[in-house]
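What TrEMBL annotates here:
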type	residues	note
BINDING	Ala278, Gly344, His393, Asp449	(6S)-NADPHX binding site
BINDING	Gly448	AMP binding site
DOMAIN	31-241	domain 'YjeF N-terminal'
DOMAIN	243-506	domain 'YjeF C-terminal'
Amino acid sequence: MIPMSNLEIFHKLLKNYYSKKSKDCITSGEMSIIDNNCEYLGVPKILLMENAGKSVAEEVSRYLKENCKNRIYVFCGLGNNGGDGFVAVRHLTDYCSFEDTLTVVLLGKEEFIKTYEAGENFKILKNISQLDFRLTIKEAPYVEGVLEVIDEIENNREDNVIIIDALLGTGIRGDLREPFKTLVDNLNRLRYKENIKIISVDVETKGLRGNLVVTFHRNKMENDISKTVVKKIGIPTIAHYIVGWGDMYALSKRDPNSHKGENGKVLIVGGSKRYFGAPILSALASSKIVDLTTVVSVKHTIEALRDYPHLISYEVEGDYLSRDCVDEVMKLSKDYHVVILGSGLGINEDTKEFVNEYLNEIGDKKVVIDADAIKVIDYRDFEFKENFIFTPHRREFEYMGINIEDPTSLEDVKSTILLKGRYDIIFNNERIKINKTGNVGMTVGGTGDVLCGIVGAFFSKNDGFISACCGAYINGYAGDMLLSEKGYYYTPMDLIECIPKVLSMFR
Ligand SMILES: NC(=O)C1=CN([C@@H]2O[C@H](COP(=O)(O)OP(=O)(O)OC[C@H]3O[C@@H](n4cnc5c(N)ncnc54)[C@H](O)[C@@H]3O)[C@@H](O)[C@H]2O)[C@H](O)CC1
Ligand SMILES: [K+]
């Protein structure tokens, strides 16, 4: 057993392997997870907005011209991109002279401003505009209002005009709605005028082509780096590596028009004469989340399943799963999104042959590999494929032949590994995260089977990495809720009953 705690392993892996992989350019989805997990760490979004808006104002101030009138137009959406714009305006009043003007154009009505952070900053602007004659605030929920401002800009050929695009950022969905579309079309026409500069906040609103983008924390995939400046706004590095509610919000959502079976079908392959209960715990956990959960096992488990009529069962011959039933189980697996393999399998020649033959033939089917299955795999020529999630505790991890002291040993590990412990570490050859939910009450037998069921259920509709992250987070979160209610004396069944309550917090 490696004499290090999971936290020490995490630090060693971060330093030796993942530090070279930190990306300079991320997707808006990744940024949203980081943003939310930053809040999970205690950094309020309004503070990030303040830092963002301040950095926009600093960049815009470089375009202010002495001895001429600067006219700044800030077009704001109803989300936090607009909120950044409101903050930028406040800071700009302190950069501008009393000859300059600032016009805030809200593309909607104040009452429809989406977030607390943006709303608070809009209120501050209203307070300022009552006394600062340079600042005008207009609401333009319709095309006519937008065109009036465009005319004003177009008819001004002398002044230095700076247009700030705080319309839409990473929250944009689909094609531009009106009056955003009319505004963007007109701005693209105006941008060729000598006396006009267009500066976008975080990302250019869809279709807009301006002169500069001021983005935050890391550059976004959609930005042209040649005209983008990246500004730090106080997001700590660990926000990239902690599992938090940001990951939960990024899980795929149930489609309201979906039909039975489309929200996940999970097959649990496990159990034996000796350990008939383990697969039932995985199945009960999975059945709280997906549409259909089936258990394939020997008669000992099948008999115990009779108490759970909502769980479908399929019996195979013998006391242990063996090579003889590989074809039968393989055929059944085809009808399921995810297979959870290992709970209670037992360790002998039969299960060893079954597991290795099954995994050799399973192709690209998503499989969560747990417990005894981890121990019986022949790792000599084993391919750690992207469609596998491993959920070892420390002793099981030792069987996998991955030496965390040797960075090269991770290079071919496309599978996601969820290394359980006081801190769970989720990693593969690309990414690593650490989960801190959970407590020592979870050392009770069976919590690993529950975890597998949750991970497998998420895996039916998400990729392996986020499924493992969120499974660890939810399982631990349920344990923390139970700790406050029952102390350390809760059971895996208590955990299972907690799942719906915890999940409903992240709908
Ligand atoms: N990530 C960070 O660290 C920070 C990000 N900030 C800024 O926040 C925006 C993202 O804000 P969000 O509220 O999620 O979304 P948007 O403001 O981009 O837009 C949501 C807003 O727009 C409407 N909308 C969506 N799609 C369309 C469309 N196709 N046409 C018209 N309107 C649309 C939607 O209804 C909402 O009202 C990020 O970019 C940063 O600028 C933080 O402030 C600082 C830290
Ligand atoms: K923008």
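Even glycines carry a Cβ here, placed using N, Cα and C.
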Does Gly344 ((6S)-NADPHX binding site) have same-chain partners at least 6 apart in sequence with Cβ under 8 Å from its own Cβ, and which are they? Gly270, Gly271, Ser272, Arg274, Tyr275, Phe276, Gly277, Ala278, Pro279, Thr301, Ala371, Asp372, Asp449
Identify all same-chain residues not among Ala278, Gly344, His393, Asp449 whose C-beta atom falls within 8 angstroms of the centroid of the (6S)-NADPHX site's C-beta atoms; report them in sequence order. Gly270, Tyr275, Leu281, Ser282, Gly342, Ser343, Asp370, Ala371, Asp372, Gly445, Gly446, Gly448, Cys452
Alpha-carbon distance [Gly448 (AMP binding site); His393 ((6S)-NADPHX binding site)] in Å: 9
Cβ-Cβ distance under 8 Å to the residue listed as 'AMP binding site', same chain, at least six residues away: Asp370, Ala371, Thr391, His393, Lys420
Out of His393, Asp449, which of the binding-site residues has the smallest number of neighbouring Cβ atoms within 10 Å? His393
How would DSSP class Gly344 ((6S)-NADPHX binding site) in three states? coil
